Amino acid sequence: MLHPRARTMLLLSLPAVAIGIASSLILIVVMKIASVLQNLLWQRLPGTLGIAQDSPLWIIGVLTLTGIAVGLVIRFSQGHAGPDPACEPLIGAPVPPSALPGLIVALILGLAGGVSLGPEHPIMTVNIALAVAIGARLLPRVNRMEWTILASAGTIGALFGTPVAAALIFSQTLNGSSEVPLWDRLFAPLMAAAAGALTTGLFFHPHFSLPIAHYGQMEMTDILSGAIVAAIAIAAGMVAVWCLPRLHAMMNQMKNPVLVLGIGGFILGILGVIGGPVSLFKGLDEMQQMVANQAFSTSDYFLLAVIKLAALVVAAASGFRGGRIFPAVFVGVALGLMLHEHVPAVPAAITVSCAILGIVLVVTRDGWLSLFMAAVVVPNTTLLPLLCIVMLPAWLLLAGKPMMMVNRPKQQPPHDNV
């Protein structure tokens, strides 16, 4: 016979697995539709019209029209496409289900149109809202927070293709009760994360790891080098943190989301022309292209890092529906490659992983997630002790500093000005 603790853990196992699978399927469907639309906008249409895919007019035109289209969705859809991600954490309160169709359409348009944001925040919002709404009907005795945790874990597992990230993140948020062991509380979320990761793996495998030269043995000088790299990445990220609320306030003085997002799309188009096609989209596939291109110089990497960071700030400030983690990873990779090219004596594995750690820490203010992203992009067990040590001064630098989030004015409606 099972112990009562085991029976308690098993109560939410089936719902956890179902939520994990559903979270992954929603992500897969959204990404597939966005991929088809992206291929139409950036491959087939330019070819049919006889226009180069990297034509400045095409890049500016597509991104401007994408901004106008997203603005129309936010302006006229029920629920106004959910909350403004610039004002929300990654895991937030559930939104009304009526806002989800507009949010999904706005996300797909942004992903396909080349906006420098990832899918993580909108997908998380959709999955939490559905889990809470459906779960409250089927099992009303289970509180909303439980459904929120399961949906968040399932989504994290689906996004990163592994339950490890969910285990790390929730180990710090669920350890609030001394009476219930941590792993008892982690059981159902890890079931959801594992189900989400396995379901994603059946259809595609997220490619985070980069072909970077293997790092051999850690030396004391490497710790100092890594700490300096992380500090440089943090400094770059804090510039974006300073700019975001100010640009957000300036853009939203216009009140009309169609105008705001149209202008935002136009600015993104100009940035895309300067940075080239590799600086567009969420950044995961593009960072693979960046590493594979041996022709890039130190100045090229610097330009890509600056352009991508600026595009991230503009996209978030304009109200595009998307997340900030994936483009931040691209910025970290570009910064790391730039620093390695500038100082070849420091291995690329150190510069890239520590730059990712620093910039993701600025964006998420989550130490475990930052370590995870650095470790999966540069998969090398020798780096893990170094990353853990470098995390300490990085965390000290950010203690008490503002987050990359906009404080929503009290008079503003919950789903944007309209």
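Each position is counted from 1, following the chain as shown.
Yeah, the Cβs are placed from backbone N, Cα and C, and that goes for glycine too.
Taken from Swiss-Prot, the feature transmembrane segment applies to 10-30 (among others).
With a threshold of 8 Å between CB atoms, the same-chain residues lying at least 6 positions outside the transmembrane segment (54-74) that come near it are 41-42, 46, 80-81, 102, 105-106, 109-110, 112-115, 256-266, 268-270, 272-273, 276-277, 280, 318-321, 416, 418. Residues or ranges marked as transmembrane segment by Swiss-Prot: 54-74 (among others).
Long-range contacts of the transmembrane segment (99-119) within its own chain (CB-CB distance under 8 A, at least 6 residues past either end) are made by residues 27, 30-31, 33-35, 37-38, 40-42, 59, 62-63, 65-67, 69-70, 73-74, 77-82, 85, 125-126, 129-130, 159, 265, 268, 272, 279-284, 308, 311-312, 314-316, 320-327, 415. Per Swiss-Prot, the feature transmembrane segment maps to 99-119 (among others); the stated evidence is sequence analysis.
The transmembrane segment annotation in Swiss-Prot covers 120-140 (among others), and the record cites sequence analysis as its basis.
Beyond the ends of the transmembrane segment (149-169), by six or more residues, the same chain brings 12, 15-16, 19-24, 27-28, 91, 119-120, 123-124, 127-128, 130-132, 186, 188-190, 192-197, 199-201, 205-206, 208, 366, 368-369, 371-372, 376 to within a C-beta distance below 8 angstroms of the stretch. Taken from Swiss-Prot, the feature transmembrane segment covers 149-169 (among others).
Under the heading transmembrane segment, Swiss-Prot lists 186-206 (among others).
Annotated transmembrane segment per Swiss-Prot: 223-243 (among others), in sequence order, evidence recorded as sequence analysis.
Sequence-distant contacts of the transmembrane segment (258-278) (same chain, six or more residues past either end, CB-CB distance under 8 Å): 42, 53-54, 56, 59-68, 70-72, 74-75, 113-116, 251-252, 286, 289-290, 293, 303-304, 307-308, 310-311, 314-315, 317-320. Per Swiss-Prot, transmembrane segment is recorded for 258-278 (among others).
Taken from Swiss-Prot, the feature transmembrane segment covers 300-320 (among others), and the record attributes it to sequence analysis.
Residues 85, 90, 107, 110-111, 115-122, 124, 208, 210, 229, 232-233, 236-237, 282-284, 286-287, 290-291, 296-298, 301-302, 304-305, 308-309, 311-312, 315-316, 348, 351-360, 362-364, 369, 373-374, 377, 404 of the same chain sit 6 or more residues outside the transmembrane segment (322-342) yet have a Cβ under 8 Å from a Cβ within it. For 322-342 (among others), the entry in Swiss-Prot reads transmembrane segment.
Annotation source Swiss-Prot lists transmembrane segment at 343-363 (among others).
As annotated by Swiss-Prot, transmembrane segment applies to 371-391 (among others).
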Tell me if the transmembrane segment (223-243) touches the transmembrane segment (343-363). I count contact as 3 or more CB pairs below 8 A, with pairs 6 or more residues apart.
yes
Grab the same-chain neighbours of the transmembrane segment (223-243) for me: Cβ-Cβ under 8 Å, and only residues 6 or more beyond its ends, written as numbers and ranges.
305, 309, 312-313, 317, 328, 331-332, 335-336, 339, 346, 350-351, 353-359, 361-363, 386-387, 389-391, 393-394, 397-398, 401-404
Residues from the same chain, set at least six apart from the ends of the transmembrane segment (300-320), whose C-beta lies under 8 A from its own:
67, 70-71, 74, 84-86, 106, 110, 115-117, 236-237, 239-240, 243-244, 247-248, 250-252, 257, 260-261, 263-265, 267-268, 271-272, 274-275, 278-279, 283, 290, 327-328, 330-331, 334-335, 337-338, 341, 404, 406, 416
Counting Cβ pairs under 8 Å to the transmembrane segment (10-30), which of 120-140, 186-206, 371-391 comes out on top?
186-206
